[in-house]
Amino acid sequence: MLVRGYVVSRKLFASILIGALLGIGAPPSAHAGADDVVDSSKSFVMENFSSYHGTKPGYVDSIQKGIQKPKSGTQGNYDDDWKGFYSTDNKYDAAGYSVDNENPLSGKAGGVVKVTYPGLTKVLALKVDNAETIKKELGLSLTEPLMEQVGTEEFIKRFGDGASRVVLSLPFAEGSSSVEYINNWEQAKALSVELEINFETRGKRGQDAMYEYMAQACAGNRVRRSVGSSLSCINLDWDVIRDKTKTKIESLKEHGPIKNKMSESPNKTVSEEKAKQYLEEFHQTALEHPELSELKTVTGTNPVFAGANYAAWAVNVAQVIDSETADNLEKTTAALSILPGIGSVMGIADGAVHHNTEEIVAQSIALSSLMVAQAIPLVGELVDIGFAAYNFVESIINLFQVVHNSYNRPAYSPGHKTQPFLHDGYAVSWNTVEDSIIRTGFQGESGHDIKITAENTPLPIAGVLLPTIPGKLDVNKSKTHISVNGRKIRMRCRAIDGDVTFCRPKSPVYVGNGVHANLHVAFHRSSSEKIHSNEISSDSIGVLGYQKTVDHTKVNSKLSLFFEIKS
């Protein structure tokens, strides 16, 4: 479930209410359905209960003065039932929320704080995150927001087991051992705040520090990535890679054969075919430079590193960068999403030389940055080659940090319960038959899970197309998210037609080679009016993958999962 509001950053599923199945002083009917929504084995009472919260840039100092409910914004969640202060039991997961999602390429990050309640706190672990179901089974008001009721004296008396407050908990994300906590805003004011780590002091290198910190969370994990090889989380020194990359770019630019090749550039808009031809020749010339010797070795053994792939990728990235409508995130995402297997092209994924990963990464980024800088004038305006290359280095390093972190999360079994749909290298399916049914005739929420993986090469997930009926069946933007090997990633949703909403991940998402994704789609019904099949524009949800060319037109690979409308 999506969180966010003021300093929260990662989305934390919100819900956990109920634990005290014993119902001290409460009538039997109050807990009649508690077993269906409360996990008593994971509920507990603790003195001086602590958890961790990730805060965005600009809020590290203010949050240490105390927790306050923001006067505007989402106040922790888009859904009124789940507005609250979010935290987690894992400080490394909390760190992942310290990046400003609206400006992810700034390089900045906030920090992590440890928050602690005085006295006794009851943690109620929930089995489900559907607020309507929880309120119904717990005998709560169906019209009052869930988290507001959690903070009432009546609720605390019924479910607190003598504690001063009740905090709800849910799994942090599918496949994760971490949990998230949802705190009532008024109760959260009692939290004492202690700084755990501050990334703001690193300025534009704050995200580097954040990823270095997060790498500690998986230092002991051995993740099976391909036959015959396994890796723990690789803690690459991105400062060193950045410096190495820029040094290599300077050396490459001044090398005679490369300099001559650069002078042969058309330096004006040309056809896509001619641009690719020139870039492929540039790639071949550059690989003869000693600074790219490791990369040349890899290129000779893995066809995905071939010059034609680099050239096609560079042209596509340049086209996106040249677009006046593409925002920063779209521009950088293009670097990894345009070409299938681009992770391998850049020297990160399986198949690359692992004994010298740092050097391979630096060489890959140096060559890629130069090629993109060369490609931009071929598809759009003239730019300074050095400036464009260095700018792209920063973008690609930030993006790789995100992707690399996702790759190195522990894998989990996708657990398909329906027949997967195979297309363009992807495998997509509903998690259960029930997920494929959209029920109407009631007011409230529903969640639907989709499993996504790839057969071999890592492939990108560009987004999802969701049919809607404005005012009757809308997308709950705060709860729609995608989880990659246990790590939740927010999605940015917008209406592209009156009856279609497009949601795309706010960070690059890849599946394949042991990496699986769970797409959680949430719908909201503001009316109890029944919906008929002929009212909705489409009877399928479209999962979008990599770009390909069909009849000279670029389109995304699309996998359609059909659903039923039932009342």
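Just so it is clear, glycine is given a Cβ too, placed from its N, Cα and C backbone atoms.
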| message | Of the cysteines Cys233, Cys493, which is paired with Cys503 in the disulfide recorded by Swiss-Prot? | response | Cys493
| message | Nearest by CA distance to Trp185 (site 'Modification inactivates enzyme'): which of the recorded positions is it, out of His53, Tyr97, Cys493, Cys503? | response | His53
| request: With Tyr97 (NAD(+) binding site) as the reference Cα, tell me which of the recorded positions Glu180, Cys493, Cys503 is the closest one. | output: Glu180
| remark: Top of the disulfide-bonded residues Cys493, Cys503 by count of other CB atoms within 10 A is Cys503
